[in-house]
Amino acid sequence: MAKDLERDLGLLSVVAISIGAMVGSGIFILPALAVKDAGAGIIAAYLLAGVLVLPAALSKAEMATAMPEAGGTYVYIERSMGPLLGTVSGLGTWFSLSFKGALALVGGVPYLVLLFDLPIRPVAITLAVVLVLVNILGAEQTGRLQIGIVAVMLVAIGWFVAGGGPAVNTATYGGMWDYGVEGIFAATGLVFVSFAGVTKIASIAEEVEDPDRVIPLGMLGSLGFTTLLYVLVVAVVVGVIPLDQLAGSTTPIADAAEATLGTAGVAAVVLAAILALVSTANAGILSSSRYPFAMSRDGLAPGLFSTVSDRFGTPVTAITLTGGVMLLLILFVPILEIAKLASAFKILVFALINVALIGFRESDAPDYDPSFEVPLYPWTPIFGTLTGFALLTQMGLIAIVGAVGIVVGSVVWYLGYVRPRVTREGAIKESVRRSIGDRALDRTEETLDEAAETSVLVALPEGASRQSEATLLEVGAALSPDGSGLSVVQFDEVPDQQPLDYASDVQSPGDLKFECRTDTLAATLDVPVEYGELVSHHPERAVANAVNERDVDVLLVERGASFEDSLLGDSIDRIRKQTDCDTIAVDAQPLEALETVTLVTTRGPYDPLKVRVGNAVATETGADLRFLYPLDERQSAEERQQLEAYHDDLLDLCDVPTERSFVDRGDLSAAIDAADSDRTLLVHANNGGLSARASNDGGTAQSAIQDSDHASMEVDTKRHPGGVVGRLLERLAF
């Protein structure tokens, strides 16, 4: 029987956990680094960072009340936006926490050096190794290290603020804006990581009692308290230490305590700093090692990272990897760059948190029912996303390259490792597919309703066969049931040396044969047909001009027809490029014996014109209509359900008996060949040119159709409302 977690964390416990996760390197180390960018403006930078963190905190609070389970950031982003951005967020959060842990050790050891004359980096490396071993020995031992640290820190920091306040030189604050807005933004980005722990609560959401109330209150309460605490501490530091001295300090809080509280104050601050920084480094190893563990469990990383030691009960490989990364950072990366990269990765992840919230809201996911909702939606998460990316641009080249590098590296890892193994989808993609499918159904219904208003031009080259004209006329009559827009034109080519006015007055035996044949064929149809001949030196150009001048909706031609001799490729393709109408190329085979009209696609919703053509021909000939859709092995169960629902709705729009068939992509050719070639017509999309390559038929369908013996009808639609981009989106969504 599965075991439940006891929900025993109340509001005070949640606030304490969040404050403990935030207070550390952000206040004991970063003021000395950030003052170089903003001077006294670092006071405003800490305040601004607290404000800019708020949208992500609110977004995560909402998602935590909808999904109060362990996992937090990575889980929310992966469920909302899918494995790709789940990979980005997982690696980004792992790197951010690893960098934050390394920052705590490199920046925290100088406080220890105030008590003992020890070399900084060797001590930092030793502490890192010890903490890695402690985490390997068991998470239970590491949890005990956190007890009491928050209380000790708050007492020491409270004494520091209260005792140092009277000694502040307020004149220093007059230079708040000396470094300009750019300097304050740069400092804001640098200290952003100081607030990373505010969302720690979401990762323990399963243990929180009354999560609907406690989680948002805990996040907002701890964020407000910590922001105020940071501002007060930095205000004291800036007010009691000259800025140039502060910029060169490795222990800024201890230096300020020495100037205001004496030896006892320094001792208290050093104790609090060491506890906080060791706690931060320990939590960095503990928390960050969970990300390769969780990603491995979800298939986004190799299985060895989710292997738990039989002896210690901990994910030794994940912890060792995290510890190794921290050791490399301590050895080779300057402290300022560690701080910048830690903040850059955290800003990136927080921006994705805001996007994830929008994804859940807009997807209308049935299992997403938060009891707390972000106020001023969608402006709050939009503000958080935009300001996050804007902040990244102000942090310098190293931070930008680091953020871009983690995204590019994650994408490469996803394409090379994750994509072949994972078929899960995010709520956003499901929502987009559902929306695209609904819009495609609406367009299809509109296209079917507009059949009577369609003007159709049947274009025949000189010497076209009777069967070719008969087939094209039958299709044209099906597409224009009232006949008001159906016309047939034979395009005759004459030499350049012969005047066109002379050629137009001469009736050749072929012209008379065409008129007689068209009269006979038109009499067999239930619709009126207009017909005529057009002489030209360049029939292809004449066809295009006729289409454009008559404002034709659909041009019907025989597949493979040639209107003039040329070495420059296919005649029909050249005509397509000169017109703005839909083109249908039809095999010149009898339609009387048809039993099935099969619409073939490989990705995305069916083109509305293709559905209309198939429905019209099936109605005209009494055939059944079949929708053939190849499925990819990687398609998830949710995607297949959506495809089935889309097909069911599509079938309801048609006027003839219909069926849908799903086959494995590799079996498409066999599925096509299984049908009787004399009684089946294949309707598919043209696969030439950029626009068509972005359409719903890909090379799989095209090659399968070309290899078959069936008559086929090639549809080229030029009126997709979204253009090439819209077609690409359909392919990506489906």
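The backbone N, Cα and C atoms fix where each Cβ goes, glycine too.
Record features (TrEMBL):
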TRANSMEM  12-34  transmembrane segment
TRANSMEM  40-58  transmembrane segment
TRANSMEM  91-114  transmembrane segment
TRANSMEM  120-138  transmembrane segment
TRANSMEM  145-163  transmembrane segment
TRANSMEM  183-202  transmembrane segment
TRANSMEM  214-241  transmembrane segment
TRANSMEM  261-287  transmembrane segment
TRANSMEM  316-335  transmembrane segment
TRANSMEM  341-360  transmembrane segment
TRANSMEM  397-416  transmembrane segment
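Using a Cβ-Cβ cut-off under 8 Å and counting only residues 6 or more beyond its ends in the same chain, the transmembrane segment (214-241) has close neighbours at 9-11, 14-15, 17-19, 22-23, 26-27, 31, 35, 40, 42-43, 46-47, 50-51, 53-54, 57-58, 60-62, 64-65, 68, 157, 160-161, 164-165, 167-170, 172-173, 191, 194-195, 198-199, 201-202, 205, 208, 249, 252-253, 255-256, 259-260, 372.
Per-stretch counts of Cβ pairs under 8 Å to the transmembrane segment (261-287) identify 91-114 as the leading one among 91-114, 183-202, 341-360.
Residues 53, 55-56, 59-60, 62-63, 66, 73, 76-77, 79-81, 85, 88-89, 92-93, 95-96, 99-100, 103, 189-193, 196, 199, 333, 368, 374, 377-378, 380-382, 384-385, 388-389, 391-392, 395, 398-400, 402-403, 406-407, 426-428, 431 of the same chain, all 6+ positions outside the transmembrane segment (341-360), place their C-beta atoms under 8 angstroms from a C-beta of that stretch. Between the transmembrane segment (183-202) and the listed ranges 12-34, 91-114, 316-335, the one holding the most Cβ pairs under 8 Å is 12-34.
Here the transmembrane segment (316-335) has long-range neighbours at 29, 33, 94-95, 98-99, 101-103, 105-107, 121, 124-125, 128-129, 131-132, 135-136, 281, 284-285, 288-290, 292-293, 296, 304-309, 341, meaning same-chain residues at least 6 beyond its ends whose C-beta is under 8 angstroms from one of its own. Contact between the transmembrane segment (12-34) and the transmembrane segment (91-114) is supported by 3 or more Cβ pairs under 8 Å, counting only residues 6 or more apart in sequence.
Non-local neighbours of the transmembrane segment (397-416) in the same chain are 83-84, 87-88, 91-92, 95, 189, 300, 337, 340-341, 343-345, 347-348; each lies 6+ residues outside the stretch with a CB under 8 Å from one of its CB atoms. Beyond the transmembrane segment (91-114), the same-chain residues lying 6 or more positions past its ends with a Cβ under 8 Å from any Cβ of the stretch are 24-25, 28-29, 73-74, 120-121, 123-124, 127-128, 193, 196, 250-251, 254, 266, 269-270, 273-274, 276-278, 280-285, 287-288, 291-292, 295, 322, 325-326, 329-330, 333, 335, 338-339, 341-342, 345-346, 348-349, 352, 406, 409-410, 413.
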